[in-house]
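Residues annotated as active site, proton acceptor in TrEMBL: HIS134. Among the features that TrEMBL reports, Zn(2+) binding site is placed at CYS142, CYS145, CYS167, CYS172. The domain 'Deacetylase sirtuin-type' annotation in TrEMBL covers 27-267.
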Amino acid sequence: MSLGYAEKLSYREDVGTVGMSEIFDSNHLLQQKIEQLALIIEESKHLVAFTGAGISTSCGIPDFRGPKGVWTLQRDGKGVPEASLPFHRAMPSLTHMALVELEKRGILKFVISQNVDSLHLRSGIPREKLAELHGNSFREICPSCGVEYLRDFEVETIGLKITPRRCSDVKCNSKLRDSVLDWEDALPSKEMNAAEKHCRMADVVLCLGTSLQITPACNLPLKCLRGGGKIVIVNLQPTPKDKRASLVIHGLVDKVVAGVMQLLKMQIPPYIRVDIFQVVFYQFRCVSERKYAKWSLRVISVHGERAPLPFIKSVEVTFPERPELKSAILEKQPFLLKREMLKTRPFKMVLKVNFSDGCGCPFTSIEFPVNFQKQTDSIIQDKNVILQKLKDTAMQDECCGQFSLVEKNILSSLKKEIATYAGTTNIVRYCEFSSSKGFGDVKWVGKRERKEVNVKGNGCWVARHENEIVKKLKVC
């Protein structure tokens, strides 16, 4: 849940029950229930996950109704709580990534989310297997042609309002709208229809971290009961649907899911974040001047020159082979540098791109050669292949900070070069399994304690989350 989203919502006095005390099952009872849930999932034919704010609290995003939830604190006159990191840098929880593994194995058929944090999409759940009932703070939609745009920045508005951007289809060019609902907005039919369809088909609807109070979304899990399906609820507080559930577990969602994955003998994949930006080099037209060339360099978002670039803090530009040339530090967007130089002398720039808080590596360096006398060729590569190679390398190196050129477009008629770069800016491992006679140690991420180790002095840093909770669970 975004704090910006909470502040943008229209005022509503009746938001349901808030501030209820949290309930924790005893260790022995919790273990029994985890074993029951593991068996239910293993035997399921059409598993659907129904998720709420409780699966994102371990990501540093406050919930709504918990003891320190947004609406609980607002009721007490304390205002909106502080987030532990920028919203756009929030990383999927252990539960998010476990759902990804279950989906890849064909066990999880569909995910229904009431959250607007985009963490299901970031984690790797396919869009066609996800219904985001209340929208997505990082998604814009074209009302004319229906194209969706997933951003790396939080969209400025909520309530299906017009945003500052337009559809990139030149035949359309319509003004885009945000996708997040305000109180008075109806649930989107496309998302609701898909959710209803899968709940009717489900033999198990697994409700994770939701109070099941917001209508009509909270009634969706009940639709599986007509076909003989089961409802399982994992939440720290009682819900109005507890009496209809086959199993109710009062425990931390990450803890429960970690135990289930251990019993199913499935490893939770790491999360690797890849961010993309562009470097635009432009030579100004100058008919009268033949000796000197005027040029500009911009570091911009792939979503457009005016779009926010939240993961970059500053850009340092140096000329290592030309010490007489003055270096520059670009500290504010737009990151723009303008210079005038002799056309006859090639040079090389080094761009040190400094990343913002929440990134696992502090910076990356990019060499950018310029030769006004020689025309270079465009480079077009398979973007998906490049991104997968970056992720594979990050996994192998156990660190982030790997960057690669994705493509380079040379627009000769405009004397413009657009280079697109991609790089890994976060890597998080969620759990490790070790087993002895009949028992295993399940480790999952609690509070984050970042340890940094410089690798080869090139800005690649290891980020490990090591404050782990350990729980003994019986292994099937």
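Note: Cβ is positioned from N, Cα and C throughout, glycine not excepted.
Here the features listed in TrEMBL are placed on the structure.
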residue : record                       : contacts (Cβ under 8 Å, 6+ apart)
HIS134  : active site, proton acceptor : GLN114, ASN115, VAL116, VAL180, LEU181, LEU187, ALA217
CYS142  : Zn(2+) binding site          : GLU148, TYR149, CYS167, ASP169, CYS172, SER174, LEU176, ARG177
CYS145  : Zn(2+) binding site          : CYS167, ASP169, CYS172, SER174
Given the Zn(2+) site residues CYS142, CYS145, CYS167, CYS172, which other residues of that chain have a Cβ within 8 Å of the mean position of their Cβ atoms, reported in sequence order?
PRO143, SER144, GLY146, VAL147, ARG166, SER168, ASP169, ASN173, SER174, LEU176
Winner by Cβ contact number (other Cβ atoms within 10 Å) across the binding-site residues CYS167, CYS172:
CYS167
